Amino acid sequence: MLKSNKVVLIGAGGVGSSFAYALTIDNSLVHELVIIDVNENKAKGEVMDLNHGQMFLKKNINVLFGTYKDCANADIVVITAGLNQKPGETRLDLVDKNSKIFKDIITNVVSSGFDGIFVVASNPVDIMTYVTMKYSKFPIHKVIGTGTILDTSRLRYFLSDHFNVNTQNIHSYIMGEHGDSSFATWDETKIAMKPLSEYLAEGKITELELDEIHKKVVNAAYEVIKLKGATYYAIGLGIKNIVNAIIGDQNVILPISSYINGQYGGLIKDIYIGAPAIVCKEGVKEVLNFKISPKELDKFNSSANQLKSYIDKMEF
């Protein structure tokens, strides 16, 4: 049960501040946003900057600088803290560094008395979501990662650009790791009510073009990092959507880091990985176990095994 429509953000870097900004300009539900960062001056500066724009908002939100004590009565704790991916690094290169940072963060949050929902955005997000669940000992439905929400948004953007239709009419997902081993659910993709297979048959898109689109999705982060140093606007919007889905009890389907334990053929167990799930005020209401093609299932298992190889080396 939601208590106060209060969100605590841990991490005032590019991703965290982008989420905070997105939340303030598109807010109808959150009453209070508290920002925590190891760099207290950075957090205080973000709070000041956001508050100075209150006159321009449709609905004011109380933005405050805080400490871990402020997590006690929060509904949601969003974690964007941790080291960022550098040029040439994969997200999985950050496992050891960020898992150590997370142990301290999660311990402090839980010690405050927090019993709400964790939303994790730090990379590698699927593993960091699992780490959060293990360190917090929270029920799996109360620990959510951003998963492939950004990958899916990128996919729908590229498809909408190709077909010249609104992204809202593109129905497709990226599943698996938020990273290089992800895959697109082409066999289940529809443009409005029309299956992608029909567009292929009509010659309006080719298998080669689909492969190129998926490559663009996978390489998007590397390209943005090369050009501007980091990605943060789009994922900030994605986090905002997850938070609003929880606060607003939207029961919306989002491709998040979902806890998989036997779904999708039974081979994937005890892991968080990108898969569509219903998100509501309780966190994850249900991880959808829809049918995907054997080829896609093989890719899902392969992606999960890659993540599992890192998790199995960790001690909790």
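Every residue gets a Cβ built from N, Cα and C, even glycine.
In the three-state DSSP scheme, G82 (NAD(+) binding site) falls into the coil class. Taken from Swiss-Prot, the feature NAD(+) binding site applies to V15, D37, K42, Y68, G82, L83, A121, S122, N123, T146.
Positions annotated as substrate binding site by Swiss-Prot, on the basis of sequence analysis: Q85, R91, N123, P124, V125, D126, D151, T152, S153, R154, T231. Its Cβ placed at the centre, V125 (substrate binding site) has 29 other Cβ atoms within 10 Å.
Per Swiss-Prot, the feature beta-D-fructose 1,6-bisphosphate binding site maps to R156, H171. Taking the Cβ of H171 (beta-D-fructose 1,6-bisphosphate binding site) as reference, residues of its chain lying under 8 Å away and at least six apart in sequence are, in sequence order, T189, K190, I191, A192.
Residue environment of H178 (active site, proton acceptor) contains 31 other Cβ atoms, counted within 10 Å of its Cβ in all protein chains. The feature active site, proton acceptor is assigned by Swiss-Prot to H178, with sequence analysis given as support.
As annotated by Swiss-Prot, phosphotyrosine applies to Y222. According to DSSP, Y222 (phosphotyrosine) sits within a helical segment.
Among the recorded positions R156, H178, Y222, the ones whose Cα sits within 10 Å of the Cα of Q85 (substrate binding site) are Y222. In sequence order, T80, A121, A230, T231, Y232, I235, G236, I239 are the residues near V15 (NAD(+) binding site), counting only same-chain partners six or more apart with C-beta under 8 A. Comparing CA positions across the recorded positions K42, S153, R156, H178, the one lying closest to Y222 (phosphotyrosine) turns out to be H178.
The recorded positions near N123 (NAD(+) binding site), taking a 10 angstroms Cα-Cα threshold over the set D151, S153, R156, H178, are H178. For the recorded positions K42, G82, R156, H178, a Cα to Cα distance of within 10 angstroms from V125 (substrate binding site) holds for H178. Here the Cα atom of H178 (active site, proton acceptor) is found 12 Å from that of S153 (substrate binding site).
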